[in-house]
Amino acid sequence: MGPWSRSLSALLLLLQVSSWLCQEPEPCHPGFDAESYTFTVPRRHLERGRVLGRVNFEDCTGRQRTAYFSLDTRFKVGTDGVITVKRPLRFHNPQIHFLVYAWDSTYRKFSTKVTLNTVGHHHRPPPHQASVSGIQAELLTFPNSSPGLRRQKRDWVIPPISCPENEKGPFPKNLVQIKSNKDKEGKVFYSITGQGADTPPVGVFIIERETGWLKVTEPLDRERIATYTLFSHAVSSNGNAVEDPMEILITVTDQNDNKPEFTQEVFKGSVMEGALPGTSVMEVTATDADDDVNTYNAAIAYTILSQDPELPDKNMFTINRNTGVISVVTTGLDRESFPTYTLVVQAADLQGEGLSTTATAVITVTDTNDNPPIFNPTTYKGQVPENEANVVITTLKVTDADAPNTPAWEAVYTILNDDGGQFVVTTNPVNNDGILKTAKGLDFEAKQQYILHVAVTNVVPFEVSLTTSTATVTVDVLDVNEAPIFVPPEKRVEVSEDFGVGQEITSYTAQEPDTFMEQKITYRIWRDTANWLEINPDTGAISTRAELDREDFEHVKNSTYTALIIATDNGSPVATGTGTLLLILSDVNDNAPIPEPRTIFFCERNPKPQVINIIDADLPPNTSPFTAELTHGASANWTIQYNDPTQESIILKPKMALEVGDYKINLKLMDNQNKDQVTTLEVSVCDCEGAAGVCRKAQPVEAGLQIPAILGILGGILALLILILLLLLFLRRRAVVKEPLLPPEDDTRDNVYYYDEEGGGEEDQDFDLSQLHRGLDARPEVTRNDVAPTLMSVPRYLPRPANPDEIGNFIDENLKAADTDPTAPPYDSLLVFDYEGSGSEAASLSSLNSSESDKDQDYDYLNEWGNRFKKLADMYGGGEDD
């Protein structure tokens, strides 16, 4: 047999209850798999969303979804063929018939009839549905073709195999035997693939390799996997496929092994107190994992098992058996009596006859405004100082039986007899108290006591007819010392700016509002920026203390000068009132016109005329038109002309070519009232050409040293100081060789030097006053040249007195100054005398022989020295005394 003949002998699936013959599949034809469908419903009342059954349409394109349509608007057919109820439905007849339509890929229309039977009316399974009570058969063959279902050639087409869940075994258990007609030609081996075979969960289904028996190895769970799709394979002994793979669909049928589960353990809802019967409160929901399409294992019914409290009636609420909506069934809900209800709700499958579970529903009765706020107490008293706003007078207390912090509890206060709006009541959000305050200042002199009537309500209106509570509040106004009041608060006075100094301008007084007090008012000026005014402290009369000036633009704005006046009473405490005085200063012609600018530049070549503005600080008519005139010979070189009809500016230009330099021009300006003034213009002629804008005067050289010169001088001084410092350091480092003060022992010189004359008698009583008078000048001229003298302050020596009687005091004071003078002789330091003096009559002492000499000393020459050395000659010469 050739390859084409072998492929035409397709696999035959033999499902053997008896010997069915294999037949070759026919071409696929679109259509419903049954001409009619019959579904059974449990009762005559169906809720919205109830699943009735499923129809199936084959369009031969392999699509999983199909568009269905029904003329009966009570039902909905999904794209998967599931028929559901669109709205609540009640059966008036035991049967309902309607048609379901579908279209194939060529838009041909097909229809099937659907019949709904209530329980008890010919109740039997629909003929097109496979049994779910167990395994259909051990052996099956290809079913005969029908107008509603056509098989494509070369395909294995078998109905789904149903297998109940939760079977007890023993396992493995046979499901169906698969046979190929090729087993007559040779040995055929069978295998399966797909979910449950070689993909997770692996090993749920197995097939005997040689016999083709498909078996299940363990209990199935529909809630885990509802459908298994397997593919069977047939191969020869050499491993070659003898048939194409065949799809096997295994459907797990449901058992009621799952009880309903509420979506929440505790459901919470609320209802207004006093709600009418039929008012929906809340909805509870439960789910069931069992099949809710083909069985009633997931058909849940709701009931209320208990209610706590059972007051005022044990059945205050009811629940919709199918939807779980809880509603009010009787009147009497009162939040103040029973604020909450707790219901135990049950959900049971099999329409309430199967497995069940419970949950709790907590219903809160919300408040309505059925209790009015009541004042407690109903009378109040308070005091408030006059003239003070936003002052708390008293606190109003109310009680309300409604729920706190709700609109039915929040109080709203209203003053019934406050036409002037002088009081206000606000609500404390914490305790609902009313705070009575003044909205504006009260006047003790106008009214000393107020009696107010206050009513209280709630934010929301009363739900029932209730009486509004009211309270009476007595408010006493306390008198306080009030500040004097200026009348008017702002006073305008017109005065000429040339008003005489010391004259009274006006009188600005204040009134005392405290009519029950006798007080004295004192006036003074609080602000007078120009220091022009003074006031009589008793009468309030205001006069000038200096000349007024309207053109003082620092203090006068828009011809108005502002001063602040205060009035102080002598009450306790002292009160002060303020008034504003506005002096409107009228203008006088006290300012002559002036030119602007006063410094002007011209170019030497081709100069352009310059415009000069004329400015007058006065007001019209004391201003323009102005008159301009060149004076003091300025018209010889310059000319002016008016620039505008109002003569508020002039044009200045030279008459001839001028040399570069500075010029002074005298310009006389006069206003409309003949007030004139001569002003000197500074004119500079620059070395340039054209308009004045391009003319720039050379910058003068600044007098004195410039910064670079100053820096150079400072640098030179610094360099000189550094040089001197280096020289001093060099001199200090040089080794100073000094002669010893005493000769060494081996260098004895027997020379005698004459150091002045020692004779002459006692001279300590003969002093020269000029030496004392000279002070520091009396120091010897012999100074050290090896030690720099220390700079110290010079002591103060008294001058020689004219009176001889004071000479003693003069000597004592100057002696004290000399004793503390470190620069006065004698100096406490060794002095090196480079010059010993000349013209001494005595020979040098170095000629004397030392007493340590070995030879005899000859001292006879001492006799030749005169009387001053006679004593010495007698001592050493051996001569006798006279």
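Note: Cβ is positioned from N, Cα and C throughout, glycine not excepted.
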Position flagged as phosphoserine [Swiss-Prot], chosen from Ser9, Ser18, Ser586, Ser793: Ser793
Record-annotated phosphotyrosine (source Swiss-Prot) among candidates Tyr68, Tyr107, Tyr755, Tyr876: Tyr755
Of the residue ranges 122-133, 254-265, 758-769, the one that Swiss-Prot records as region 'Required for binding CTNND1 and PSEN1': 758-769
From Tyr642, Tyr753, Tyr861, the one Swiss-Prot labels phosphotyrosine: Tyr753
PLDDT averaged over every residue in the domain 'Cadherin 2' (263-375): 93
DSSP helix/strand/coil residue counts for the domain 'Cadherin 2' (263-375): 4 helix, 50 strand, 59 coil
Tally of DSSP helical, extended and coil residues in the domain 'Cadherin 5' (594-697): 6 helix, 56 strand, 42 coil
